[in-house]
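Okay, so here's the structure we're looking at.
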Amino acid sequence: MIISSALSLHRFFVRTGLMVGVFAWIFIFQYALAGTALTYALMHDVTLLLTPLSARSLRNGSRRPLMIGILLASIAFAALALAFSGSAGAQIGLGVLAFALCMGSYRACYWVPYEVDASRVAHPKHRHLVQELFFAFVPACVGLVLMLGYPAPVWVLFLAALCVLSSIIPLLRVPNVHEGFSWGYLTTFRELFAARHQKMVVAAIMDGVSGAALLLFWPIAIFLIVGWSYALVGIILSATFLIVLFSRRYIRRLIQSSSLHDSVVVQAALAASSWIFRLTVASPLGAVMVDSYFYTGTPIRGTGIDPFGYDQAADRGSYVDEYTALKEIGLSIGKILVCLVAAYLALRISLPLTLMSIFALAALASSISVFLTWKKDALPY
């Protein structure tokens, strides 16, 4: 019971910090979309290169990598806050670079503890309702704080750093689990390109493409749709979370009772449809409706209803092995590729057309992923 409570408290602080820091990439975006995309790609370059080393280190216990990851995430938010504050002559460019490098290292070091049951991530009924309601209101509260203007963004980033750093204390009570990761660094990359893993890796790359579209480009699109209003972005995120929290269980049960989940073509169409709908969104209400549809009516792709807290869980936080590492690397490759495409397009065409192109690409990637991972006997809901 103590172990379970410690893990829950740890995840509470981590998720709170990541929820508070969800605006970080929007802060960076205000300087240039191409630069933001390249910075996001750099972050995942670091993750890609360090993941084999991090996975290998789990042989000596998971607690130290978790703590290192948490420290790096906290430093990342603090570095960005210092850069925006101008303290000690800090330059924004260096702060953004430090943020990308530290967050990339955090993603490589921090493996969502596998004691976090996947069903609790995917189905809100198994989680404490009060806690989920708290998370739901965090984006709206942060958005309202940002309405105060400068230096509110600095306060928000420091708060994110503090929340994430606080999660280290409960980690002291979490078991130091030893994982049997057997591959060396070069072996991991050889296995990444092995023919027998091709289907799994390509599916992970496709999930990475749609993941970057969801976590980076879609929030930026919302920010533009609402006229650069942080408050409205926060309200949209919170409203979506609340709708999904109370409706997902029933909608998924309805889909399971029908024949919709028996066809891979239908599932691929559902996966792509939410991205197609995003191409037509032109109002805050439309953004809420599309996001609600995405999280309730489309196949589970591993993020659950809180993509900001669980975007790393290639196997939904259930375990860590060699194949999980390959999936994490595949996710990073997909995110890097879509960011490079976005950076190129941003220099050639208008910002709206760039975002629409990325969403169209995400629609294609989502449907391909469904075809590659389809198992008739396994429900995607």
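In case you wondered, yes, glycine gets a Cβ from its N, Cα and C as well.
Any TrEMBL annotation is an automated prediction that lacks curation.
Listed in TrEMBL for this protein:
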- 12-31: transmembrane segment (TRANSMEM)
- 66-84: transmembrane segment (TRANSMEM)
- 90-109: transmembrane segment (TRANSMEM)
- 129-148: transmembrane segment (TRANSMEM)
- 154-172: transmembrane segment (TRANSMEM)
- 227-246: transmembrane segment (TRANSMEM)
- 329-347: transmembrane segment (TRANSMEM)
- 353-374: transmembrane segment (TRANSMEM)
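Ranked by the number of CB pairs under 8 Å to the transmembrane segment (154-172), the listed stretches 12-31, 90-109, 227-246 are led by 12-31. Against the transmembrane segment (227-246), the recorded stretches 12-31, 66-84, 353-374 differ in Cβ pairs under 8 Å, and the greatest number is found for 12-31. Listed by sequence, the residues of this chain that lie at least six past the ends of the transmembrane segment (12-31) yet keep a Cβ under 8 A from its Cβ atoms are 39-40, 70, 73-74, 77, 80, 84, 92, 96, 99, 131, 134-135, 138-139, 142-143, 146, 153, 156-157, 159-167, 170, 216, 219-220, 223, 230, 233-234, 237, 306, 308-309.
Sequence-distant contacts of the transmembrane segment (353-374) (same chain, six or more residues past either end, CB-CB distance under 8 Å): 33, 199-200, 202-203, 206-207, 209-210, 213-214, 217-218, 220-221, 224, 264, 267-269, 271-273, 275-276, 278-279, 299, 301, 334, 338, 341-342, 345-346, 380.
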